[in-house]
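According to TrEMBL, the protein carries these features:
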type	residues	note
BINDING	Glu36, Glu66, His69, Glu154	Fe cation 1 binding site
BINDING	Glu66, Glu118, Glu154, His157	Fe cation 2 binding site
Amino acid sequence: MQRVVSRSLHLSACSRSSQRYSETIDRIIRVDHAGELGANQIYKGQLAVLGNTKAGKTIEHMWEQEKVHKAEFDRLMNKYRARPTALLPLWNIAGFALGAGSALLGEKAAMACTVAVESVIVEHYNDQLRELMENPDFKDHELLATIRRFRDEEQEHHDIGMSEGAEQAPFYKALTDVIKFGCRTAIKIAERV
């Protein structure tokens, strides 16, 4: 009888651990999918305004990488049967508006937008990597490698934005602070909704 109770408690603890692990993966996939969709829309909006300018080729290069990121998170949504955020339609509109709006302020402002968004995303991916590596139940090295690779590409986008004169944008500090706040808020919402 004691072994049955002990085994039952062990299975119950394993089940709770497995459920927390599953909820963690669901949250990570959901928020990263939403973020990559938003990033695609930002670059799409920037390209709609600046497509025929010197910055157009740079924006197009970054957008091509973001398309790969989004496609991979589409695949991971199916693999893990993760629930997408209910706010995808809002992310579509808000991302495009942010991209086009920053581009309307000029090439430097578009690059400032890129720097702000990508700095938050790099920080977010680093937080996720730490969380996954500290979880003894996490064994999916493919997901870890994907997040690392995307983090590195987002850092590259940040660095491109800096080299393209982001800091020369009018009201750079205020602009990037507002965008960073918006990105952090969007992340928190997408993790839950």
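Each residue, glycine too, has its Cβ placed from N, Cα and C.
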* Structure fact -> Not counting Glu36, Glu66, His69, Glu154, residues with a CB within 8 A of the CB centroid of the Fe cation 1 site are Gly35, Ala39, Asn40, Gln65, Val68, Lys70, Ile121, Phe150, Glu153
* Asked: His157 (Fe cation 2 binding site): which of the binding-site residues Glu36, Glu66, His69 is the nearest Cα neighbour?
  -> Glu66
* To do: For His69 (Fe cation 1 binding site), just count the other CB atoms lying within 10 A of its CB, please.
  => 22
* Structure fact -> Other than Glu66, Glu118, Glu154, His157, the chain contributes near Fe cation 2 (Cβ within 8 Å of their centroid) the residues Ala39, Met62, Gln65, Thr114, Val117, Ile121, Glu153, Gln155, Glu156, His158
* **Spatial neighbours, same chain, of Glu66 (Fe cation 1 binding site) - Cβ under 8 Å, 6+ residues apart** => Glu36, Ala39, Asn40, Tyr43
* Identify, in sequence order, the residues in the chain of Glu154 (Fe cation 1 binding site) that are 6 or more apart from it along the sequence and have a CB within less than 8 Å of its CB; answer 'none' if there are none. => Glu118, Ile121, Val122, Tyr125
